[in-house]
């Protein structure tokens, strides 16, 4: 019995005497048989066990802290301030102004907290000193003028947030229904059992590239091993590189595959205009293209399996309205670092949910620019490749949809590629991906309105495809979580409820991670990462919408040339015959050429500072300090960790550094 037991003695039916026993002595006296002693040996082992666990935990924390400190110290030592165009400076100045205002407000709030001022308890004639009068004036101005504006803007953003969340939920439900009913495009049995090679359609394979030194050999090798009759396929290597040595290397690679009997040609433009769209447009202008029925496009870092064409092209047979077959991407370096893991979550949701649902229910989605097969007739009737935006893939997809062509997405056909491993490369990629759609929306809106497609398809294009997913998403994400939320810490009247900053975002992040279940440990980092990237996406969206100076910026995403195990085996086999790449040079000459290339000094990798991210980090951390004064709880933790995530991004402490 425990030391605080109660003994009840019944003297009479209606009378009770209660004796409360406190202390271990009484208990041991009453129940000596239940008292158990603990031996010194057992107690010593218990202490040793606890000490060992504490030591292991402290050792792990110390090792992790040391690793992070060394990494941060190394990167900060190589800092390089990001050079921003003038058009981007405006957003930086606005954020900096908010930071200055929040710091001043925090100082005033700290003074008020220390002196325990309360506006409700102070009468005008009781004001003591200029500081207290300033505090009261700030509170009155905030209550009468600032709070109503912030409340109205926050409500507007919350409505947009709920609409976008509902759209995401509907997409997930559509994906679940597809899985439940096993809905997916089927290949006609006659198309898949074709054994006569002369009846195979002629396919053109295009590999556009520009200064892709690290990955050109992988993509050319993978395309050259596609399982398709050799007389029914032609591979075009469309090189826009401006490095003469790299051009020679690519020519050597093409020549090596030509000697193996592959129908492959090398093509280099003299006038390099229009980026990738200009490259593809120039290649489609060749006279021999008219002999081909389909064209498959692979970017320089994509490595299709040998059965890619046999799993995609047969879908066109017996389906004359089909214009595009799009395959899914999979990533060779998705587990390389935290940045690639978080990107993998986003892209898995994009393909598994967005592309698949739109393909099944609407027969339309945005072409991903690579790993797809087009009917050449579709490209020609839709106006071909245009150089008017930085998203030529989305441009041709929208124009083809307006002309009545249908698309198919194959979720089970996967093409290996590479994710950007540095934050710098990822930022530039995301800027292009979010600026281009706004450029395209401005250009395509009149054509969408006057097109002959149904009103439902027009509404889907305008309100869902462009406005909701390309404009509203980056707008509310940046405005609500990076600007309004920290400001509400200084404007209690506009404070956001917990379900806006915690419950709904976590639930939506949970839905995003469902297509990649192994990423569940990264649920919270993913939520913080998406909010952190909102500043880049918002800036890109504004640049594209208003056609600012950097709207048409195109930077080729830097690759590292990561390879899978099968790629390494194929590379070893190919290198054994590289000695005979050119008829005009001996093996010794080729080896000496490789050695000279190895002697090229490697540029020292430098870390970068991203000023907008740093200013937002200090803004959020300032707001978290104000939240701590008010004991907001969840608001404080969200602002703290979101501020730290911006700090990590601003100091370029995520991902790898690129020279």
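From the backbone N, Cα and C atoms, a Cβ is placed for every residue, glycine too.
Annotations in TrEMBL come from automatic prediction, not curation.
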Between the ranges 73-93, 94-114, 115-135, 178-198, TrEMBL assigns transmembrane segment to 94-114
Applying the under-8 angstroms CB criterion, which one of 94-114, 145-163, 496-514 scores highest with the transmembrane segment (613-629)? 94-114
Long-range CB partners for the transmembrane segment (461-490) (under 8 A, at least six residues beyond its ends), listed in sequence order, are 95, 98, 102, 105-106, 109, 142, 150, 153-154, 157-158, 160-161, 163-164, 167, 366, 398, 401, 434, 437-438, 440-441, 445, 448, 496, 500-501, 530-531, 534-535, 537-538, 540-541, 545, 616, 619-620, 622-624, 626-627, 630, 632, 635, 638-639, 642
